[in-house]
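Taken from Swiss-Prot, the feature 5-phospho-alpha-D-ribose 1-diphosphate binding site applies to LYS37, 83-84, 109-110, LYS113, HIS115, 134-142. Sequence annotations record features per position, and here Swiss-Prot assigns orotate binding site to PHE45, PHE46, SER138, ARG166 based on sequence analysis.
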Amino acid sequence: MSTFGGPGTAARDDLAQDFVAFAVEAGVLRFGEFKTKAGRLSPYFFNAGLFDDGAKLGRLAEFYARRMQASGLAFDMIFGPAYKGITLAAAVAIELARLGRNLPYAYNRKETKDHGEGGSLVGAKLHGRVVIIDDVISAGTSVRESVAMIRAAGAEPCGVAIALDRQERATETTQDGVRDADHSAVQFVQRELGLAVCAIATLSDLLQYLARQADPALAQHLPRVQAYRDRYGV
């Protein structure tokens, strides 16, 4: 189960299972050997940039909206950090409006504009309780920057909605070099920034999906994904 406040339990989460199946079918979630930003060799890779047509993006927005509505989190508007978060925020705002909840949204530019309306923020004025929407939380940098912008505008960041929680230990730099932390990037955001984190699905959900597969082409990946979780998971 993938809800606000934690990575979930072993109970089956139908929304998460449907999302994992969708991501696999869309080619967004792939299996093989992939090098992560932390330098680890991961047996799977999630690339939200491959939700690259109207149908895929619309369905992705449905998953976000359903998870957010079920979360119980109260929020007044949506914020999408540049760059991937911009499209996600717009798509989710459209889907929520379709479901009867019309909320404002905003996003930031990475380059401050010095003409026209100027500034780095675009869209509705930030106000009230703001939920941040992104694809994943890798190091928490984007979330920290978003929190600073939202607070500087006088609004309150209240949570982060993401597509996938990898549930793996973050890395941290010490005087002896880079080492694995005892927490994930999502846990850092929860503990240090005080924000609820909502994931449509988690690594636990992916493992459940693989364990249920009758297709050997998919089931064969379960041992490697489980071994990765055993080594780097939280």
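For all residues, glycine too, the Cβ spot is worked out from N, Cα and C.
Sequence-distant neighbours of LYS84 (5-phospho-alpha-D-ribose 1-diphosphate binding site) (same chain, 6+ apart, CB under 8 A from its CB) are ALA48, GLY49, ASP134, ASP135. Comparing the Cα of ARG166 (orotate binding site) with the Cα of every entry in LYS37, ILE137, ALA139, these being the binding-site residues, the smallest distance points to ILE137. All protein chains considered, the CB of PHE46 (orotate binding site) has 20 other CB atoms within 10 Å. Sitting within 8 Å of the Cβ centre of PHE45, PHE46, SER138, ARG166, and not among those site residues for orotate, are the Cβ atoms of THR36, SER42, TYR44, VAL136, LEU164. Annotated pair ALA139 (5-phospho-alpha-D-ribose 1-diphosphate binding site) and PHE46 (orotate binding site), C-alpha to C-alpha distance, rounded: 15 Å. Within 10 Å of the Cβ of ILE137 (5-phospho-alpha-D-ribose 1-diphosphate binding site) there are 25 other Cβ atoms, across all protein chains. Each residue contributes its Cα atom, and for ILE137 (5-phospho-alpha-D-ribose 1-diphosphate binding site) and PHE45 (orotate binding site) these two points are 14 Å apart.
Put simply, PHE46 (orotate binding site) is 19 Å from THR141 (5-phospho-alpha-D-ribose 1-diphosphate binding site) when counted between their Cα atoms.
Largest Cα-to-Cα span within the orotate-binding set PHE45, PHE46, SER138, ARG166: 13 Å. A helical conformation is recorded for THR141 (5-phospho-alpha-D-ribose 1-diphosphate binding site) in the three-state DSSP classification.
Candidates PHE45, PHE46, SER138 (binding-site residues) were compared with LYS37 (5-phospho-alpha-D-ribose 1-diphosphate binding site); those inside 10 Å Cα-Cα are SER138.
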